[in-house]
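Reviewing the structure listed below.
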Amino acid sequence: MAVVGVLDSLAAEERWLYPGFLAMYAAIYCVGQLALLRRWAWPLRLDGASCLISLAHGTPAALAAAGAILALPPEARGFAAPNTRLQDHVLDYSVAYFTMDLLHYLAFLPGDTLFIAHHVATLFVFVTCRYLVRHGAYALLVLLVLAEVTSLLQNVWTLAGIWRAEKPAAARVYRALSPPFYFIYTVVRGVAGPLFFLKMSLFYLSGQAVDVIPWWVRISWIVVVGTAITVSNLWIWNLWKELFRERKQSMTKKST
């Protein structure tokens with residue numbers, strides 16, 4: 001009920017919420033860097049601060065995106081449908097997060113070009129949908145749900161991975177979380193995501209949205225989302241290979 005109340009208040013809110021969302025992420029980031037994580041070694045603190053704002057974004061964004069989709073009748077959930085006020089607020093919530101995390105990488109990790117490119121591309125898609133064409137939020141919010149539904153588990157797994165070399169408890173948590181996280185991530189990013197992406201791509205390539213979404217925007221969305229899905233699947237595939245290699249080595253040691 002609390003989630004429904006928040007979504008109802010957002011749907012009625014006429015103000016531009018992006019500045020407030022950005023200030024919220026900046027505050028969370030500063031609290032993490034200057035207080036909560038101040039005793040961590042600098043490289044760990046950087047990863048931890050990024051995870052902290054990701055935790056503030058992931059699950060709330062997934063819930064809000066799902067709520068914004070379900071708030072509409074089925075016939076209004078279309079790839080070329082105009083954005084609703086609630087959908088715009090959800091997009092702003094994510095744009096603010098990716099802005100803050102991008103600033104973090106540009107300031108402290110400029111060599112991490114893959115993450116920087118991912119954030120720039122994601123911002124391009126969200127910003128063009130929110131501020132340029134003002135249509136197509138349904139498609140992006142479904143993809144946002146699929147992208148962030150694993151966020152909480154992924155961030156806990158990431159934090160455990162950061163400390164696993166120094167903390168035995170963290171290593172145990174990392175090992176315990178790896179198989180279920182990899183499985184859920186594979187189902188979402190390797191099955192559900194590509195299926196929805198295929199449906200979205202076929203619609204946009206058919207020309208049905210030509211009156212409201214220019215061709216260059218549609219093609220760029222397809223390229224960006226397709227690339228992100230491909231990279232995500234390569235990433236999880238490599239993690240699966242590493243997991244099986246470690247399990248095989250562990251079994252070999254036990255048998256000798």
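Positions of Cβ are set from backbone N, Cα and C atoms, glycine also.
Per TrEMBL, these features apply:
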type	residues	note
DOMAIN	43-248	domain 'TLC'
TRANSMEM	16-37	transmembrane segment
TRANSMEM	49-70	transmembrane segment
TRANSMEM	115-133	transmembrane segment
TRANSMEM	139-160	transmembrane segment
TRANSMEM	181-203	transmembrane segment
TRANSMEM	215-240	transmembrane segment
| note | Between the transmembrane segment (115-133) and the stretches 49-70, 139-160, 215-240, the largest tally of CB pairs under 8 Å belongs to 215-240
| Among the recorded stretches 16-37, 139-160, 215-240, which has the greatest number of Cβ pairs closer than 8 Å to the transmembrane segment (49-70)? | 139-160
| remark: Sequence-distant residues near the transmembrane segment (16-37) by C-beta distance (under 8 Å, 6 or more away from its ends) are 10, 44-45, 48-49, 52-53, 56-57, 89, 92-93, 95-97, 99-100, 104
| said: Suppose you look only at the domain 'TLC' (43-248); what would the mean pLDDT be? | reply: 95
